[in-house]
Amino acid sequence: MRRPKKYESGEATQYISRRAALRKLQLSLNDFRRLCILKGVYPREPKHRRRAQKGSSEIKILYHTKDIRFLLHEPIVWTLRDYKIFAKKSGRDRAIKDFRNLKRRLALFPEIKLDHIVKERYPTFIDALKDLDDCLTLLFLFSTFPSLHLIPREQSNLCRRLTIEFLHYVIASKSLRKVFISIKGYYFQAEIKGQKVTWIVPHYYPFKPQSRQEVDFKVMSIFVEFYTIMLGFTNYRLYHGLNLAYPPQFPSSMLQDNEDTLKDETSFVSERIAALNFELLRTDKVQEDEEEPDIDMELLEQDGDSKRIIKMKQEAQEIARLRNLFKGLKFFINREVPREPLVIIIRSFGGKVSWDSSVFSGSTYDESDETITHQIVDRPSLSTQYISRDYIQPQWVFDCVNQRQLLPTNKYFLGEQLPPHLSPFVDAKRDTYIPPEEKALHDPSLIETHAQSDDESEEEEAAQNEDDTVDQELLDAQLQRAYQQETAEYKKYGGPDGVNEDEEDTDDEDFDDEQESDDEEEELDEKTKRLQEEKKKMSVQSGKVHKVNKRQLHKAEVDEHRLQARMVKPRHRNLFRKLIREKQSKEKEEWLLRKKRRNIDNDTKEAKKLAKREAKKAAAAAANAASQLGAK
């Protein structure tokens with residue numbers, strides 16, 4: 001039997017370096033990187049790097065050997081090799097100026113087909129929906145890019161068309177559930193076929209080219225190349241599930257990339273938003289507002305778990321109300337408000353929306369329409385206002401969706417200080433710091449106390465000052481009375497100790513009476529004792545203050561932690577220390593957030609006090625001026 005040599009089995013044979021993989025596949029580094037991105041092959045971190053690298057101590061990029069063996073059978077490898085052959089032959093034709101042969105070669109340019117890779121990586125439609133988050137976020141980002149060195153105009157136009165098609169599906173199916181405004185952009189979450197899909201739509205800013213190449217657009221462009229094929233398949237399947245015609249038919253004036261739209265960036269963006277305000281063509285005659293059938297409760301009751309059934313029914317009713325949240329409402333968006341996220345949200349929940357037709361295309365009604373219920377404005381005041389509509393700030397739309405109900409508009413009027421915009425993507429039962437506004441949402445009893453805290457702060461301070469003065473006066477009076485009684489007794493009974501012999505006799509008599517009462521109590525029956533004990537239990541007694549010693553509690557916690565650390569096995573000590581460090585960092589973060597909130601509350605209270613004092617001073621000055629004028 002042959003004795004196996006070192007590094008011929010085990011972890012050394014499971015990994016292969018990138019240099020060895022390039023030699024095995026006979027590809028350049030750029031082609032290998034492109035192939036790995038398209039196939040979903042990524043570098044791996046071995047458990048024992050020295051063994052995986054066959055004794056070498058330098059850090060190498062390692063891949064699984066089976067992944068590289070899997071890439072050997074990929075048809076794209078031959079296409080990438082054809083690129084090299086095409087480049088050599090076309091370069092030769094240019095050098096000898098054989099343009100006839102060059103034209104023939106350009107017509108036979110090898111193209112990569114990624115359809116089979118999409119089907120291979122996502123065997124089922126649900127698998128594709130689960131991996132749709134990064135795909136949508138990247139395509140929405142590329143849809144806003146102009147033509148760059150490594151990003152052709154055709155790719156950004158394709159991203160724009162695919163994202164608009166997906167947004168039309170979200171609007172038609174009313175599958176939007178959560179929205180949030182962040183520094184990065186607008187967060188959206190939709191529920192499609194039972195899967196939650198979350199993506200980010202970036203804020204609209206004019207593109208500014210960067211002097212330093214901090215982002216590798218070439219690598220991102222390879223990801224976009226794969227994701228466009230994937231989203232095209234997904235859109236086709238989603239549209240046919242709703243009986244919608246695919247590709248969707250937009251008006252002839254929309255999404256036409258001519259010279260005027262490509263030169264003017266505002267018109268390029270406005271056409272994208274205008275395309276979202278049109279209804280799609282259906283393949284059947286079913287009404288669009290047709291609701292989904294209710295849950296069959298008879299089938300669900302066979303399981304026997306009534307709590308789960310009730311919870312499912314409540315969730316279904318909430319979603320049914322949410323789908324028609326803005327039904328019957330008409331919105332008008334002012335020119336200073338970002339329109340794209342608001343158009344998506346309002347149309348996804350059954351509302352109608354329009355804007356100024358003289359500035360942007362695609363509007364459906366004018367500002368003078370009397371049936372408009374809400375006008376979204378982001379400025380402190382308006383010169384002309386209609387009585388029949390509410391003038392609100394854009395945050396009202398987002399907060400209504402997150403709370404799944406139409407909120408009162410008085411907190412969102414023009415010039416009002418907006419309430420905090422809470423994220424719906426956090427866990428309500430988390431262990432970290434929860435702001436008071438979020439607590440008030442889940443516990444309605446806290447709403448009044450939190451709202452009245454700022455108004456009652458000054459009254460409490462004034463009442464506290466009055467109580468302090470009254471208590472001080474009472475204390476002085478009691479001390480004065482006690483001093484007078486003590487001096488009177490001293491004068492009456494005399495002696496340095498202030499005690500008389502008659503008092504000693506009375507003390508002896510009291511002691512004898514107590515002994516007699518004890519003897520009488522011993523003679524009582526057990527029944528009377530029980531009755532007396534029950535009466536004592538039922539009697540109302542004054543409460544006693546229990547003072548907690550914080551030092552003792554802290555010492556007990558430290559001792560308990562030391563005992564836990566001693567009980568941990570040596571092989572698990574690093575893990576235990578890591579958990580303790582994470583716990584300490586969370587506690588520190590929570591403490592910092594609480595401190596920050598206290599400082600903010602104190603600053604707002606001080607600002608309100610100063611404002612009230614200045615208002616009082618101004619009122620007093622005005623009254624004095626009026627009185628002086630009256631005296632004259």
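From the backbone N, Cα and C atoms, a Cβ is placed for every residue, glycine too.
As written in TrEMBL, here are the features:
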- 321-414: domain 'BRCT' (DOMAIN)
- 450-470: region 'Disordered' (REGION)
- 454-470: compositional bias 'Acidic residues' (COMPBIAS)
- 488-570: region 'Disordered' (REGION)
- 499-525: compositional bias 'Acidic residues' (COMPBIAS)
- 526-537: compositional bias 'Basic and acidic residues' (COMPBIAS)
- 544-553: compositional bias 'Basic residues' (COMPBIAS)
- 554-563: compositional bias 'Basic and acidic residues' (COMPBIAS)
- 603-632: region 'Disordered' (REGION)
- 603-617: compositional bias 'Basic and acidic residues' (COMPBIAS)
Beyond a gap of at least 6 residues from its ends, the CB atoms lying under 8 Å from the compositional bias 'Basic residues' (544-553) belong to none
In this predicted model, the domain 'BRCT' (321-414) has a mean pLDDT of 89
Summed over the compositional bias 'Basic and acidic residues' (526-537), the DSSP helix, strand and coil counts are 12 helix, 0 strand, 0 coil
Taking DSSP helix as H, G and I and strand as E and B, the compositional bias 'Basic residues' (544-553) has 4 helix, 0 strand, 6 coil
